[in-house]
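Annotated features, as they stand in TrEMBL:
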type	residues	note
BINDING	R37, R64, D79	S-adenosyl-L-methionine binding site
BINDING	C234, C237, C254, C257	Zn(2+) binding site
Amino acid sequence: MEVREGAVTIEVPEKRHGASEGSGEGVFYNPVQELNRDITVGVLRAVDSECGSYLDAMTASGIRAVRAAEAGYSVTGCDVDSEAVELARANLERNGLDGAIHRRNVNAHMHESHHDVVDLDPFGTPIPFVDAAFRSARNYVCVTATDTAPLCGAHFESGVRSYGAVPRNTEFHPEMGLRVLLSALVRTAARYDIAATPVLSHVSSHYVRTYLRLDGGAQAADRRIEKLGYIDHCQQCLWRDHERTLVADPTAECPECGQSTWTAGPVWLGPPHDPAFVGEAAAAIPEDAATAEEARDLLDSIAAELDTPTHYDQHRLYSRWGEPNVAMDEFLVTLRDAGYPASRTHYGGTTFKTDAGVDEIYDALH
Ligand SMILES: C[S@@+](CC[C@H](N)C(=O)[O-])C[C@H]1O[C@@H](n2cnc3c(N)ncnc32)[C@H](O)[C@@H]1O
Ligand SMILES: [Zn+2]
C-alpha cells in the first residue's frame with residue numbers, strides 16, 4: 001500500500017485485519033504518528049544550520065529517514081528486521097533519495113558512530129537505547145515513549161524499574177509521565193558529562209515525545225541535575241507542592257486536609273520547552289504536511305503554556321464543587337483577573353495550569 005507523508009511517498013505493508021500495532025506481523029507503520037513525524041520535520045528544518053546528519057534509530061518502513069533525507073539531511077537508518085531494512089532502502093530509492101540503512105542492533109551502531117541528531121522511536125520504553133543515544137548524538141536526541149502507563153504511575157513497579165524514579169498516578173498524569181521521562185533522560189545524559197535540555201515536548205494520544213538539546217561539560221550537566229526534584233500531592237483535596245532537591249523531603253501530611261500525601265520523583269522540574277525553539281519549529285513545519293495546521297496549533301498552545309509541573313482538570317474541580325463548569329476561556333480570564341497566571345495545556349481541553357491552589361481557584365471563581 002502506498003502512503004504519502006509531506007513531500008514523500010512510501011510503500012508500507014497492508015495492515016492485516018485484526019493485527020495490532022507492533023504485533024510482529026509485517027513491518028511497522030502507524031499512520032497516527034504522522035503528527036509526531038510532521039513536528040520532527042519542523043524541528044529538523046529549524047535546526048538545519050547547526051545539524052546535517054540524522055539517525056533514524058529504529059527505522060521500520062524508513063519513513064523518518066526518508067522524510068529527513070527529503071529535508072536535506074544525510075541519513076542513516078537501523079533496524080534488526082531484514083524485511084524492514086529492505087523496505088526502508090526501497091523507500092529511499094523510490095523518492096530518489098540517498099541514505100545508509102543498516103541491519104543492525106542500533107545500540108551497537110550508536111556506540112560506534114556519531115550523528116548530529118539521533119531519533120529513538122522504539123516499541124514501548126526508550127530506556128534500553130538512551131545510554132547509547134547520548135554517546136552517539138552531537139546536538140539533539142529526540143525520544144518517543146509509548147509506555148505511558150509505567151511513566152504516569154498506573155503501572156507503578158514497571159515505572160520504578162524502567163525510570164529509576166517514583167511515578168504517582170495523580171490526576172495530572174500527562175505532566176507526571178513527561179517529567180518522569182525527562183528526569184531519566186537528563187540523568188542518563190549527565191552520566192556522560194552531557195547537559196541535556198528539553199526544548200520541545202508533547203504528550204499526545206498514548207505517547208510522550210521530547211527533543212533534547214545537548215551541551216558538553218560536567219558543570220553544565222550539574223546545572224541540569226539541580227532542576228530535578230519531588231512533587232507532593234494530596235489525592236483527597238488536590239493540594240500539591242514541589243521542590244527542586246536531590247534529597248527528598250516529603251510533606252507527609254497534607255497541610256490543607258491532614259491526609260497522607262503521595263510523593264513522586266525525582267522528576268524534571270525545569271521547563272519542558274524553550275518557547276523560542278517551539279516557535280521556530282512551528283514556523284518550519286512544511287505547508288504540504290497533512291497535519292500542518294494541527295501541529296502548529298499544538299506548538300502554539302505549548303509555547304503559551306504556563307511552566308508549572310502539575311495541572312488541574314477543570315471538570316474534576318467542578319464535580320467536587322457540585323456545580324456546572326464555566327467555559328474554559330472565561331474560567332482562565334477570571335483566574336488571571338484575580339491575579340493568578342493561568343493557561344490551557346496542550347494535552348487536553350479540560351485541563352489547565354495555574355500557580356493558584358484549589359481554595360484560591362474556588363475563591364476567584366465565586
Ligand atoms: C515503533 S517501530 C519504528 C517506527 C518508525 N520509526 C516509524 O516512524 O514508523 C520500532 C522498530 O524498531 C525495530 N527494533 C527493535 N529493536 C531494535 C534494535 N535493538 N535495533 C534496531 N532496531 C530495532 C523493530 O524491528 C521495529 O521495526
Ligand atoms: Zn489534602
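Here, residue 1 is simply the first one shown, and the rest follow in order.
Positions of Cβ are set from backbone N, Cα and C atoms, glycine also.
Heads up, TrEMBL stuff is auto-annotated, nobody curated it.
Just so it is clear, the model here is predicted, and its values are computed rather than measured.
Positions of TrEMBL features highlighted on the structure.
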residue: R37; record: S-adenosyl-L-methionine binding site; DSSP (3 states): helix
residue: R64; record: S-adenosyl-L-methionine binding site; DSSP (3 states): helix
residue: D79; record: S-adenosyl-L-methionine binding site; DSSP (3 states): strand
residue: C234; record: Zn(2+) binding site; DSSP (3 states): coil
residue: C254; record: Zn(2+) binding site; DSSP (3 states): coil
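Candidate binding-site residues: R37, R64, D79. Not one of them has a Cβ under 6 Å from ligand 2.
Same-chain residues with CB within 8 A of the center of the C234, C237, C254, C257 CB atoms, the Zn(2+) site residues themselves not counted, are Q235, Q236, L238, W239, P255, E256, G258, Q259, T261. Of all the binding-site residues listed here (R37, R64, D79), R37 has the Cα closest to the Cα of C234 (Zn(2+) binding site). Taking the C-alpha atom of C257 (Zn(2+) binding site) as reference, the shortest distance to any of the binding-site residues R37, R64, D79 belongs to R37. Of all the binding-site residues listed here (C234, C237, C254, C257), it is C257 whose C-beta has the fewest other C-beta atoms within 10 angstroms. Close contacts with ligand 1, defined as a Cβ under 6 Å from any of its atoms, occur at R64, D79 among the binding-site residues R64, D79, C234, C237, C254. Looking only at other Cβ atoms within 10 Å, the busiest spot among the binding-site residues R37, R64 turns out to be R64. For D79 (S-adenosyl-L-methionine binding site) paired with C254 (Zn(2+) binding site), the C-alpha to C-alpha distance reads 49 Å. Cα of R37 (S-adenosyl-L-methionine binding site) to Cα of C237 (Zn(2+) binding site): a distance of 39 Å. Taking only the Cα positions, the spacing between R64 (S-adenosyl-L-methionine binding site) and C237 (Zn(2+) binding site) is 45 angstrom.
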